[in-house]
């Protein structure tokens, strides 16, 4: 007999709104208690499935779910763990089947990016080959916005808003300081292979000459002379220069700027950070005083500045995942389909996991201005709707957001322990 | 005859709410148009006075002033320029007198920190010795919270809120990732000589074991072995470790950690950044995967997350400065006086500039926990009221804050040009 419990898991780097997807999925499932069983959540993604560390979400109240939807991080824990192919790794697949059977799981939801879509696809194929009646649905999230098929990825819009607002704010600061102090400000943003987040920084520049005056994309090889000329030009025209640099910015030979060989006092190679490399270059070649910031996890956990549009997307894919389950679908992902830019309108569509897994969508060249340092109107038309609207968390009387950090109830293990 | 125009100028590093002070001051002066003339603003602080670059704020509408109050940066421009003593620098003081006389300035307001209080004091003394009927009032602002006499400094509360919220959010992220990936997260914050901002990070930790588990203060000499033991302990107990480090953290011999001698590929000494130094240390000594962020200007321009209490303080000192002017006072600064912690209550008092200028208030030892890595209840009682309440900017339909970037009307120069 097919189980009718649901198992939800989070995977890969988390986003400001992945918990909004989780909350919407749990709420949607509760609305169909006639057909669906309990919603369990794996602790730490697929690892928690393998290790049978499963949380019973039934103990979360409706109020908890409202708070969960406004909490950053991945409340159930995530993991970076990619299942190998079935032939190389039969042991782990057999274990997954045992865990699904032991807890009457009929529906598995994996909330992640393209690696997770690959994992979900493999599990879906495995279930079929083992005649396990399991429906396997991937649910999209990634701040990198690099998933194929979907118009955009839940999580990206909020990071985009945070970066657009932050570079505008920091630029107002450097504008005030430039007469006697800092002339160049550099903000490093995430996006190792795709410059979507860097592109979002360009939204802050509404008129020609507005900051950021320079964006460095992974998609455009870094040319030192052109870059330094652009910095000098901006300082001459505007008195200062504001720069957004992607962590994935690279030289024309493919090496990352961040790997330019900084070493500490002991000769150890220094941990990442492209912003200080760019600051060193500017300082040594132009003499301009620089300030630099690396937002790192701040950008992808800044739930305090989430985009309302992004939150709506994140909830919609969670709800659609349950609808897909009820419709008997498997091996699919709910995706966002754009119907029009202006007014922005969208709907939920479905994609086959085989069309999503292991693909990567980078910023198209016609979204980047001819000089390589800015975004085009086409990019703006695509990006701007994604940062619209504010969706604030509630704050307590202590001035801090009321984020949920629950003490979970774990299911009692029904199987022997398993070593991953 | 005494002039009755007002001259306002911004000085030193800007804050998320210095423009709230400016707006409140201009509004208050407009409310006394029977006794007060126009409000001019110097472009780029005292430099703009010397160079006679003066803005007529009369062209700003009431709506503009509302937007100004919610705009980060220093809209009139700031400067880092400390006037020398009168004996060494008679030429600049004579010039200031000429400019004040040429534009009928009877009131000078200098909005800054302890250096600016010193400048305001010198100008006030100079005016008296030249029999110029000028009232000189310093108005406090500094994110460093290091001014003497005042309970706290406008600007600090908003940065404190931003840091407390940001480290909480990033900690939720690392908690989700720690099972297979990042175990240690490090956030670098400002405060070269005083650890007030670092202390604010401690507000995020409400219960024992909550993140941040470690704060590194400039006031506490850095002991590598104790620090590494605390990191290992946190990872063992909680699975991860969240760290706030002040840019002013230093070794017991007084050297800054940030000056630990990182060099780039060409052997150049690298620009600042204590977070990567700490990350290198943790990585090399423990093997834990680290992520680090440097918030730099982002923290002091994050008007999108301002503290309502801080905004109220910022407005109150601007309004009080005008009241002081009307009361005939000079050589003073409006300061914040705390009446009680719980419920938090405060009023505006006045301080003599001589008691403020060139002093520095660091974090007292009884605000720092015995192990040196956290804050005490006394610190919490002091800090918490300062981050209470949210004061959001308005956002446009494009999802971005409606910050003011006005095209100013400059006064026609009445004096020959002057080279600073």
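Glycine too: its Cβ is placed from the backbone N, Cα and C atoms.
Of the residues B:92, B:94, B:247, B:352, TrEMBL places B:247 in the same substrate site as B:142, B:143, B:144, B:190, B:191, B:192, B:297, B:298, B:299, B:300. In sequence order, the recorded positions near chain A, meaning those of B:13, B:115, B:298, B:300 whose CB lies under 8 Å from a CB of that chain, are B:13, B:298, B:300.
Distance between Cα atoms for residue B:142 (substrate binding site) and residue B:13 (diphosphate binding site): 7 Å, as a whole number.
Neighbour counts were taken as the number of other C-beta atoms within 10 angstroms of each residue's C-beta; across the binding-site residues B:114, B:142, the minimum falls on B:114. Taken over all pairs of the listed substrate-binding residues (B:142, B:143, B:144, B:190, B:191, B:192, B:247, B:297, B:298, B:299, B:300), the Cα spread reaches a maximum of 16 Å, rounded to the nearest whole number. Counting every protein chain shown, the number of other Cβ atoms lying within 10 Å of the Cβ of residue B:141 (site 'Important for catalytic activity') is 32. Classification of residue B:141 (site 'Important for catalytic activity') by DSSP places it in coil, neither helical nor stranded. Counting every protein chain shown, the Cβ of residue B:191 (substrate binding site) has 27 other Cβ atoms within 10 Å.
Rounded to a whole number, the C-alpha distance linking residue B:191 (substrate binding site) with residue B:141 (site 'Important for catalytic activity') is 14 angstrom. Checking each of the binding-site residues (B:13, B:114, B:247, B:300) against residue B:141 (site 'Important for catalytic activity'), the C-alpha distance stays within 10 Å for B:13, B:114.
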